Every structure is written in C-alpha cells, then in structure tokens.
Ligand SMILES: NC(=O)C1=CN([C@@H]2O[C@H](COP(=O)(O)OP(=O)(O)OC[C@H]3O[C@@H](n4cnc5c(N)ncnc54)[C@H](O)[C@@H]3O)[C@@H](O)[C@H]2O)C=CC1
Ligand SMILES: O=C(O)[C@@H]1CCC=N1
C-alpha cells in the first residue's frame, strides 16, 4: 500500500516516524510533498522516502492520501488534488482539526471515501490515540484500512463525528497540557535543587507509571488518590493546595477553549 502525505509538518513526520519505527511500511511506499522543497527534501532523503513535485502527483500515486496541512489550506489543497481523488478513488484521510466531513465534501464531493482522523503526537513512538470517523461512502474496508494503519502506532477509537471536538481537547491537543504539567512539576523540582534533567526524568517516569496504574488496575483516579494520601500527610497537603489554586477549573477552561476553537466559535 502506498501512502501519500500532503504537508510534511509535525504531525505527518510523527506518523511517518511511528510507522517506520514499527517497520510496517517501507520508506519507498511513502510519498511526500510539502510547501518548501528545501525543508521536505532533506527529511525525505534522511528517511529514504519518495518525493513528488506537486500535491496532485502525490495523490496520483497513493492508495491512501493523508492530508496534513493547516486547516485553513483545505480549499486550496483539495482543489489541487480533486482530479486524482475522483479518477483513482483514493481514500482521503484528513487530519485537519475543525474541518468536518461535510466541510471536506463541499470541496471534493462525496464520491469516494473520506475519513476524518485525529491522532496525537505520541504516534511518533507508537503510543498515540487516534479517533476516526468516515463519510457515507467510506466502506468498512476503507475504515478497516485506516484503523489498522493507525493501530500500528497506537490505539484507535471509532468515534461519532459529533464527539471529535471533545476528542481534540482530551487527546489531540492534550499532550501539550500533559507536557505543561510535567514541565511545571520539574521546574518546581529545580526550585528545590534538582537539575532540570534529573527532575524531568523523575516526573516523566511518575506520569508513565501513574497512567499505567490507572489502565492496568481499572481503578478510578480518586481511589488511587486516596491510596497515595496518608492521613495528615504530604499528599493531601499538596492535593488541597492544588484544588485551592483552581487546578480542576483550570483544566476545564483549557478543554472549553480547545473545543471552542475546534468548533470555530
Ligand atoms: N500537531 C499535532 O499534534 C496535530 C495536528 N493535527 C492536524 O494536522 C495538520 C497538520 O498539523 P501540523 O503538522 O502540526 O502542522 P505544521 O504546520 O507543522 O505542518 C503543515 C505542513 O504543511 C505544509 N504546507 C503548507 N502549504 C502547503 C501546500 N500548499 N501544499 C502542501 N503542503 C503545504 C507546510 O510546509 C508544513 O510542512 C493540521 O490540520 C492539524 O490540525 C491533528 C492532530 C494533532
Ligand atoms: O493545535 C492544533 O490545532 C493541532 C490540533 C491538535 C493538536 N494540534
């Protein structure tokens, strides 16, 4: 299967590197084109990917086309590749945040499979979480192809399109929130004399372990919080200080703002 990428920015690179890491696709079966040859050519050479001179040329050679440009380029880029999509019935996988299947259909019509795909950056090392939703023309085979591709680089959830904005907040954008939390914690460690590297190593392992404990035990976070909090101890002092500082309202505000942006409000 040949996979075409239109746009070779952070997310396309994360997907490519995840797929190559898992050795599920040959570099020669990945075809890329992006805005600046001076940027994408060296990257393609480094990973032995195929390049194409235009977006249309990518679409003409691909079995699956991944649209990985900024959402505002939707119209320009889709208009360019539309002839190949219609002629070759290439499945189009759109990563564009905030662009609905109806919005894609407005530009390219609905005679071939359109799948909305929302991955997160962690696909780069094979531990992402990706939501997918297809249009009426997306057959079970097109959905299964998309699902198995992204399952190589993490978990895949088939989600009603109406829930995509919430998914963006909880998974697409949220790695940034998690990194922010981790950086803040490590920074505080620096305040008390640890080196930043040492603090980040401690914090990241703590987060990995905490996430795995939730997943493997099936216990609710509050149960686990109670198990960490010794009566009159350090943890409850920290938990209450976080609550007083508005930790949960701050998280909710972040989710509200992300959803609002995704919905274009
Ligand atoms: N970065 C992330 O964590 C996630 C991003 N997304 C979505 O993925 C898409 C790409 O995001 P990023 O990779 O972060 O953006 P980016 O800005 O890093 O990459 C966009 C790429 O498109 C290229 N480009 C610009 N004009 C072009 C054109 N006319 N033809 C072909 N390529 C062109 C740019 O040179 C750049 O390499 C966006 O729609 C975003 O909403 C979705 C989930 C997560
Ligand atoms: O910031 C953004 O708009 C994209 C979508 C999800 C993650 N990055």
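All residue numbers here begin at 1 and follow the chain in the order shown.
In case you wondered, yes, glycine gets a Cβ from its N, Cα and C as well.
Heads up, TrEMBL stuff is auto-annotated, nobody curated it.
Per TrEMBL, NADP(+) binding site is recorded for 6, 7, 8, 9, 10, 11, 34, 68, 69, 70, 71. Within the same chain, the residues at least 6 positions away from residue 10 (NADP(+) binding site) whose Cβ sits under 8 Å from its Cβ are 121, listed in sequence order.
TrEMBL lists 55 with the feature NADPH binding site. The secondary structure of residue 55 (NADPH binding site), as reduced to three states from DSSP, is helical. Annotation for residue 55 (NADPH binding site): spatial neighbours 6, 33, 77, 80, 81, criterion Cβ-Cβ under 8 Å with sequence separation of six or more.
Over the domain 'Pyrroline-5-carboxylate reductase catalytic N-terminal' (2-90), the average per-residue pLDDT in this prediction is 96. Annotation source TrEMBL lists domain 'Pyrroline-5-carboxylate reductase catalytic N-terminal' at 2-90.
The domain 'Pyrroline-5-carboxylate reductase dimerisation' annotation in TrEMBL covers 161-261.
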Fill in: Proximal but sequence-remote residues of the same chain as residue 71 (NADP(+) binding site) (Cβ under 8 Å, at least 6 apart)
96, 97, 98, 99
